[in-house]
């Protein structure tokens, strides 16, 4: 009987340890091991965004594109090698995703303040995205932490799973549903396009061929985006690309969405009402955006002993 009781206790202890190893993310994950981690990330992000406000949108986009490919595991940061199929050359990221050197700088500063490499690159992406939004006068939220970094990447999955600027509403809904995100998340997270710019190649077809577009808006965009050539010419995604506000949604109501996938959110479908609500109420949009960012940040994280904490965010240890 004593032997049986000991075995039962041993099993309980092992189960307890296993649950801790794969525990949920928490907002105080680094409080004991490196309490200065988050303030350090915030300082670097604020400095960078102060120098180039567009970088705020770029850092937000990195986190988004990371989470949509096999979860929020910093796979987007891995460079191409014989064994790594880098996501940096996927269609949505190639010559488009930026901010990698900022993540390198943050990682260096954080490891220095912590004394060793205890903060994952995946968590750095999540915190930097939040701090970028705040630096551009957007909402804040408690970032859940404790993610670990992947040891693999997948350009093929990136090509398949990152939503494209050419999708219609049904495709967008299905794309987000695959990640466990609903229609409200789709509209709220698309509001991240309150910040930043898009390249001509991503909106050329819309400004020349879509019917549901304001003619004056289309003409203005055509001036910097010819029918051929100028693929990398930039246009702002909304009238105030360095300020987190609700003008992105006001643009959609006026048929001035830059991307086809933007205007799809206000095209006679089930998301029209929410777009209208956000266009009139910045507080509601901000609250929903923050909630959806937390939800997106929880997509299939590696925790416990899964993955690793990379020393260099660009390569596997």
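Using the three backbone atoms N, Cα and C, a Cβ is placed for every residue, glycine included.
What TrEMBL lists as signal peptide is 1-23. For 24-317, the entry in TrEMBL reads domain 'Plant heme peroxidase family profile'. The disulfide bond annotation in TrEMBL covers 34-114, 67-72, 121-313, 200-225. Sequence annotations record features per position, and here TrEMBL assigns site 'Transition state stabilizer' to 61. What TrEMBL lists as active site, proton acceptor is 65. Annotated Ca(2+) 1 binding site per TrEMBL: 66, 69, 71, 73, 75, 87, in sequence order. Residues or ranges marked as substrate binding site by TrEMBL: 163. Taken from TrEMBL, the feature heme b binding site covers 193. Residues annotated as Ca(2+) 2 binding site in TrEMBL: 238, 245.
Taking the Cα of residue 163 (substrate binding site) as the reference point, the closest of the recorded positions 65, 72, 225 is 65.
Across the structure, residue 225 (disulfide bond) and residue 193 (heme b binding site) are spaced 19 Å apart at their Cα atoms.
Mean model confidence for the domain 'Plant heme peroxidase family profile' (24-317) is a pLDDT of 97. Residue density at residue 245 (Ca(2+) 2 binding site): 19 other Cβ atoms are found within 10 A of its Cβ, drawing on all protein chains shown. In the structure shown, across all protein chains, 193 is the one of the recorded positions 61, 65, 193 with the greatest number of other Cβ atoms within 10 Å.
Across the structure, residue 69 (Ca(2+) 1 binding site) and residue 61 (site 'Transition state stabilizer') are spaced 13 Å apart at their Cα atoms.
Fewest other C-beta atoms within 10 Å: among the disulfide-bonded residues 67, 72, 313, that description fits 313.
Residue 65 (active site, proton acceptor) and residue 34 (disulfide bond) are 27 Å apart (CA-CA, integer value). For residue 71 (Ca(2+) 1 binding site), the same-chain residues that are 6 or more apart in sequence and have a Cβ closer than 8 Å to its Cβ are 299, 300, 301, 302.
Same-chain residues that are not part of 66, 69, 71, 73, 75, 87 yet have a Cβ within 8 Å of the Cβ center of the Ca(2+) 1 site turn out to be 65, 67, 68, 70, 72, 74, 76, 150, 153, 154, 158. When the CA atoms are compared, no binding-site residues among the candidates 87, 193, 238, 245 lie within 10 A of residue 67 (disulfide bond). Residue 73 (Ca(2+) 1 binding site) counts 28 other C-beta atoms within 10 Å of its own C-beta, drawing on all protein chains shown.
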